[in-house]
Amino acid sequence: MARSPRDTTPTRASSGNGGELHQTASAPEARITTNHGVPVSDNQNSLKAGGRGPTLLEDFVLREKIQHFDHERIPERIVHARGSAAHGFFELAESLGEFTRAKVLTEVGVKTEVFTRFSTVAGGAGSVDTPRDVRGFAVKFYTREGNWDLVGNNIPVFFIQDAIKFPDLIHAVKMEADRGYPQAASAHDTFWDFVGLMPESTHMIMWAMSDRTIPRSLRMIEGFGVNTFRLLNDKDEPIFVKFHWRPKLGTQSTCWDEAVKIAGADPDYHRRDLHEAIAKGDFPEWQFGVQLLSQAEADALPFDILDATKVIPEELVPIRVIGRMVLNRNPDNFFAETEQAAFLPTNMPPGIDVSEDPLLQGRLFSYQDTQLSRLGTVNFHQIPINRAKGCPFQNLQRDGHMQTQVFKGRANYEPNSLSEAGEVGGPREDPVGGFRTAAISVADHKVRLRADSFADHYSHARLFFRSQSEIEQAHLASALVFELSKVTLEHVRNRVMANLVNVDETLAQRVAAGLGMALPKASKPAVAPADMEPSPALRIVGKYPETLKGRSVGILVSDGADGAMVAAVRAAVEGEGGTVKIVAPKIGGVTLKDGNMLKADGQLAGSPSVIFDAVAIILSEAGCQMLMKEGAAIDFAKDAFGHLKAIGHSAEAKPLLDKAGVQADDGIVVLGKSVEAFLAPARTRQWVREPNVRMLA
Ligand code: HDE
């Protein structure tokens, strides 16, 4: 029954569309209530003095709903604000029982639940997924002895050696304080100013300028614990340990121009990729490995393993793969899980311990502390995603904001003898099974200084650069040219360049040439760099498995296209575990040569080739003529070519490719009766094409 706007008779329940009265009662489990359980009769209209009158303060239903909405956002993480996460499990294949008593690392075959959050570092929560940036790789293991949070990155070293510089580093890299830009980008004055003045960051800069910071997918990044930790066995004997994650799909990256374009085409590229892969049962997987070294082995190395700006080459201390992690379930609710997840490097089960790495030591305070401003209460461990699930958690800490546990009895102190009177006495410490710290001797003077063993800032940077393949060296040099070309203060650029000379003079020369500047003299290093044996393990190009698994192929079609050819590409790609998306000028799809309809997954303008790993362009002659007038179609081919992707095409599509400037090479394949020839180049990137499509430094 429609109500006139002037009708002021009270209504019991009316729907939003047209104010029609409905008086059916809802079952208690199906009805909306206030936060306190009072059933709501009308969720469409606020309580007013008459249909056109002012809203009444009395309307507690409205006030409660708006007020809750007003407070929906919590402060985003000061770093790593932009993140995506998934649930899964960790499974141990080899026991480290000799070195640790942590059950998670000794119980072979046991599956431990995990929640893993990947992130960028510099951008805000709403920033894009593909800036040039380090990626966070934080894993929460819900072990039977409490949560273990391995809060790592996709790069094994860090910018600074001492936690006291972290706020400076982050202030420098985030948007500049006066102007509020750039967002999620390190290519600006303040970041490079900090870098130039902090030569200890040089090694990390090499990694940050490598292709590792423009990953193709979160499923294709490595993970590292970065800091050195310790394991402790039953006898409390310590051994140093470095933690590693290796993606089953290999470490793979985008091209820089591609990453920039993806940011516009799909700001959620990585989040969507992770979510869709898991939703379709294509579960991302990583090997878990450790590098173990005794105090004597650590002492024999020509660098200090407590210095987080140093890498322990695998060639010196091999990585022992002992387990795997599979992510197999998407979060149900982004806020409740991904946003409220609180990772703490201090979460360690008995048998795992920290080292004296001064960066790690600062982290031990920071993460617990930051949750208080982010999640607002000391009880953040009670939020379901943070709760220890593998075991009970109980102590005598009480009350506080948002306490959700209802403790019984009077035992909130210890020692107590309440059990002698038959009351519950509460939990007690466990000297045998409890967490114990390595009994390391630390007697020394109180000082504020950096150990001499931390003074070499260039040998590892040089090791990294010299270990890279030619392609990767060129990308690294070009990334430096790009970043430094955005620096407006000349003295800042000069200082960075003067440091670079200490890494490798040819690199510095290439960058200087790319910037069009004279190469300054080398800065004076605190310790002259030493040459180390190159470590090919630090490369990524040529190391990932060439497969369509995890890859996505976009097929651009027009009306009149050969449906059999489309079907053949689809069958071949999907048969090898890849994904196929049909792109058409209209989202309704196309009418194929045989008269059948083919639905599109994406419309051309919204589905550029940057979001695919390889493309097929299957057009009719008329379709090709039409699309040659469409900029998005030309860009589709041009970008696929420029981003070193395989292009399979129908003979009829050749004029479009010509117009896009696509030149013949092994990655450009005419699709005939068989699509086989397209598959090999589609499994990887055409690196050999690169010199033909862009000038690298
Ligand atoms: Fe963090 N870091 N960090 N960090 N970090 C945070 O904790 C901090 C460092 C890393 O997905 C914050 O809960 C200090 C190294 C990841 O929720 C904060 C120092 C590594 C994440 C914090 C470092 C990391 C964080 C912000 C220098 C690689 C995201 C929100 C001493 C091993 C975790 C939060 C997630 C998050 C402090 C250095 C990795 C402020 C003080 C080195 C992956 O506590």
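Heads up, the Cβ atoms here are built off N, Cα and C, so glycines get one too.
Please treat TrEMBL annotations as automatic predictions, because they have not gone through curation.
These features come from TrEMBL:
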REGION    1-51  region 'Disordered'
COMPBIAS  32-47  compositional bias 'Polar residues'
DOMAIN    33-422  domain 'Catalase core'
BINDING   ARG77, ARG117, PHE166, ARG363, TYR367, ARG374  heme binding site
ACT_SITE  HIS80  active site
ACT_SITE  ASN153  active site
Quiz question: given the recorded positions ARG77, ASN153, ARG363, TYR367, which has the greatest number of C-beta atoms lying within 10 angstroms of its own C-beta?
ASN153
For the compositional bias 'Polar residues' (32-47), what are the DSSP-based totals of helix, strand and coil residues?
0 helix, 2 strand, 14 coil
In whole Å, note down how far the CA of HIS80 (active site) lies from the CA of TYR367 (heme binding site).
12
In three-state DSSP terms, the structure that PHE166 (heme binding site) belongs to:
helix
Inter-residue C-alpha distance, PHE166 (heme binding site) and ASN153 (active site) (nearest angstrom):
15
Ten-angstrom check, please: count other Cβ atoms within 10 Å of the Cβ of ARG374 (heme binding site), all chains counted.
17
Might you list, by sequence position, any residue in that chain lying six or more from ARG117 (heme binding site) with a Cβ less than 8 Å away from its Cβ?
GLY83, SER84, ALA85, GLY136, ALA138, LYS140, THR338, ALA341, PHE343
Spatially speaking, which of the recorded positions ASN153, ARG363, ARG374 is closest to HIS80 (active site)? Use C-alpha to C-alpha, please.
ASN153
Expressed in Å to no decimal places, the gap between the Cα atoms of ASN153 (active site) and ARG363 (heme binding site) is 14
What's the longest C-alpha separation between any two of ARG77, ARG117, PHE166, ARG363, TYR367, ARG374, the listed heme-binding residues, in angstrom?
21
For ARG77 (heme binding site): DSSP state (helix, strand, coil)
coil
